[in-house]
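See structure below.
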There are 2 protein chains.
Amino acid sequence: MSSQEAVKVVVGLGDRAYDILIGSGLVARAGAEIAARLPGIRAAIITDENVAAAHLAALSESLEKAGIASTAITLPAGEKTKSFAALQQVVDGVLAARLERGDAVIALGGGVIGDLAGFAAGIVRRGMNFIQMPTSLLAQVDSSVGGKTGINSAHGKNLVGVFHQPRLVLADTDVLDTLPRREFRAGYAEVAKYGLIDRPDFFAWLERNWQEIFAGGPARAEAIAQSCRAKADVVARDEFETGDRALLNLGHTFGHALEAATGYDGTRLVHGEGVAIGMALAHRFSARMNLASPDDAARVEAHLRAVGLPWRMPDIPGQLPDAERLLAYIAQDKKVSRGKLTFILTRGIGQSFIAKDVPASEVLAFLRENHPE
Amino acid sequence: MSSQEAVKVVVGLGDRAYDILIGSGLVARAGAEIAARLPGIRAAIITDENVAAAHLAALSESLEKAGIASTAITLPAGEKTKSFAALQQVVDGVLAARLERGDAVIALGGGVIGDLAGFAAGIVRRGMNFIQMPTSLLAQVDSSVGGKTGINSAHGKNLVGVFHQPRLVLADTDVLDTLPRREFRAGYAEVAKYGLIDRPDFFAWLERNWQEIFAGGPARAEAIAQSCRAKADVVARDEFETGDRALLNLGHTFGHALEAATGYDGTRLVHGEGVAIGMALAHRFSARMNLASPDDAARVEAHLRAVGLPWRMPDIPGQLPDAERLLAYIAQDKKVSRGKLTFILTRGIGQSFIAKDVPASEVLAFLRENHPE
Ligand SMILES: NC(=O)c1ccc[n+]([C@@H]2O[C@H](COP(=O)([O-])OP(=O)(O)OC[C@H]3O[C@@H](n4cnc5c(N)ncnc54)[C@H](O)[C@@H]3O)[C@@H](O)[C@H]2O)c1
Ligand SMILES: NC(=O)c1ccc[n+]([C@@H]2O[C@H](COP(=O)([O-])OP(=O)(O)OC[C@H]3O[C@@H](n4cnc5c(N)ncnc54)[C@H](O)[C@@H]3O)[C@@H](O)[C@H]2O)c1
Ligand SMILES: [Zn+2]
Ligand SMILES: [Zn+2]
């Protein structure tokens, strides 16, 4: 793909519709793309130490060339940065730079930076312009699209935040070259998720083409664009997650519980890995509940194993809390409505649905059967 | 007014429209009014130490009688409570009580508690139900209506927050009996503001009836209802303050600068007092710019003086920074667009308008003329 050909996906949200551009060379073109949409603005770039080392200079230069003055706020990398303390640091930094409502906060990083910077942009002066420049595969296919922002609390992940849509998403596929392989693989779990939710043909295509996606050929940009389209569709249907949007949580109820159970220790389990195991468990649990064929669960497990993702609880290094404790983590998760457990279950590949009133006793029995000990 | 007759004002915001009930006995009836609108919920009451001492027990009991389980989070009274630290405390407390999106945060207090609790309700789980029970006159006529929430930053007042509309506002006129007289008077400045913005007849009515309003007769509920109607009109026209809503800032650009200049020290100047002086200055400055007659400025000054409000800078106890420093505080205020000063000025009583590009040099000269030294 030449540096001039970006794929464009539009997120259809009426007067707040925005473009996602996906392609090569977009960091270098960021200044021009932003200036064309938001003339005369100034900006604050929010990033983390890893991403800053690899890409911050190029972005600052691109902005400067387009006449956009910017300051950068660089935070430690990792999930712990989605905290009240970091939020206050970003908010104070943006205010110290004297940015106004019409200026922009730019998130240059993975989902952690996107969620944090988006939240800050949503609350400084009750809402500033926000631009996503996702640098992890997970952020390019998932977290940068849809306007969900937030931080974690001692009571659980992502429990505090706002809906604040970006004005533009620039997903430069080249920056993924500096992303650690393990993180790329974790992001791939979210790509597979879109197939498993409601696109069986996409899942079958992934089964055939995953090696090319990992290698970085044209299939990579195609997979990212398809994922963005899938997410944009759901978001346009249900911006504020009062219905269908919950489907995007496929694999996430189990996944979040496992992330919590491992103390959000990224050396043991990163988000996308938790989602991979969670999706496999959701399919296996659906089979156990006689909702889907065990063959479909086996097919999901086989694909995750093939790409090198963890797919079952014993794949997590170190000890896990027992099944009762895992259930308690699930019940603490925010997708609990009035004490009943809500899960995304499936009738087969690409046939996921929202199941309310899932009996906790069944989940507990299932966790016991699948627990490493 | 009997305890069964509340005045109802509807804030017309489409599917997010809500009622403001104004009258006697509403704390005792709160449980029933809330349960009728939001059946089956639980609640967290956010309040401050002064208000808790006078009214918390009555509210908790009223909720309990209606079958609404509640916990209370009581914070220190005063503007300093609009901080990141207090926000985190409220957010953590609401999460610790395991409230869900459909449950409610209830603000029982003045504008400080309303702004803080509303912000917390707007960000916990990306938006919970929110109920305002304003207990100061200022909160009943102004801050509880319109969905603006927020906290202060080292860089200025109200710079961080969200728009989050309440589901219901319950303004119990009886609770004003425990409000310190000075606070009542300060709130009255915001009542007068609605007359000065665009209701000259209301201002004239206030000039004739202010004593009855202070004494607590039927004119009090009438003045509160008229004020809520005035604010609701502006909010329905411009929910997100992109235009007309800025008129509500009459007196606030000067007022905020004076609050900042006195270090938000409530012993020297409370918000409504800053607004009173600010409104007088806005009228006097408009006369100086030959926009309005000096007679109108004199009329405003005379009314504020009559009710016992401060109306000029020398009325503030202690030393003020010099005119240059005051101008710097004004320029720091958020109603600055791309370096130009924006003010609400007037062509006469009830004829306010948004003036952009007000020359800083004129403001400086005016501040020098009116400075106590
Ligand atoms: N808002 C949403 O809708 C949404 C959706 C899914 C996930 N999320 C959130 O996203 C977060 C996970 O995102 P993530 O996996 O991107 O985590 P991350 O932001 O921590 O990035 C993962 C790691 O990769 C590094 N990195 C990122 N891009 C790089 C690059 N180009 N070169 C070198 N290093 C790079 C980061 O420094 C970090 O160490 C979680 O907090 C999750 O809750 C949000
Ligand atoms: N959100 C908005 O649209 C908006 C509009 C105007 C003002 N405000 C904000 O409102 C705040 C000022 O509100 P305020 O004047 O109510 O201040 P406040 O909340 O500090 O209340 C003033 C004092 O009165 C006490 N008090 C309140 N009700 C009482 C009662 N019934 N009995 C005894 N004591 C009582 C409080 O404890 C406090 O000491 C400022 O922070 C201002 O920025 C917000
Ligand atoms: Zn995810
Ligand atoms: Zn005010």
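Note: Cβ is positioned from N, Cα and C throughout, glycine not excepted.
Annotation source TrEMBL lists domain '3-dehydroquinate synthase N-terminal' at A:73-185. Look at TrEMBL and you will find A:GLY111, A:VAL112, A:ILE113, A:GLY114, A:ASP115, A:THR135, A:SER136, A:LYS148, A:LYS157 tagged as NAD(+) binding site. Here TrEMBL flags A:187-336 as domain '3-dehydroquinate synthase C-terminal'. According to TrEMBL, the Zn(2+) binding site annotation covers A:GLU190, A:HIS252, A:HIS271.
Cα of A:HIS252 (Zn(2+) binding site) to Cα of A:LYS157 (NAD(+) binding site): a distance of 11 Å. Excluding A:GLU190, A:HIS252, A:HIS271, which define the Zn(2+) site, the same chain contributes A:LEU138, A:ASP142, A:ALA189, A:LYS193, A:GLY251, A:GLY255, A:GLY272, A:GLY274, A:VAL275, A:GLY278 within 8 Å (Cβ to the Cβ centroid), listed in sequence order. Straight-line distance linking the Cα atoms of A:SER136 (NAD(+) binding site) and A:HIS271 (Zn(2+) binding site), rounded to a whole number, equals 12 Å.
Under 8 Å, Cβ to Cβ, and six or more positions away along its own chain, A:GLY111 (NAD(+) binding site) finds A:PRO134, A:SER136, A:LEU138, A:ALA139, A:ASP142, A:SER143, A:SER144, A:HIS271. For the NAD(+) site, whose annotated binding residues are A:GLY111, A:VAL112, A:ILE113, A:GLY114, A:ASP115, A:THR135, A:SER136, A:LYS148, A:LYS157, the maximal Cα to Cα separation is 21 Å. A:ILE113 (NAD(+) binding site) and A:GLU190 (Zn(2+) binding site) are 18 Å apart (CA-CA, integer value). A mean pLDDT of 93 is what the model gives for the domain '3-dehydroquinate synthase C-terminal' (A:187-336). DSSP assignment over the domain '3-dehydroquinate synthase N-terminal' (A:73-185) gives 47 helix, 31 strand, 35 coil.
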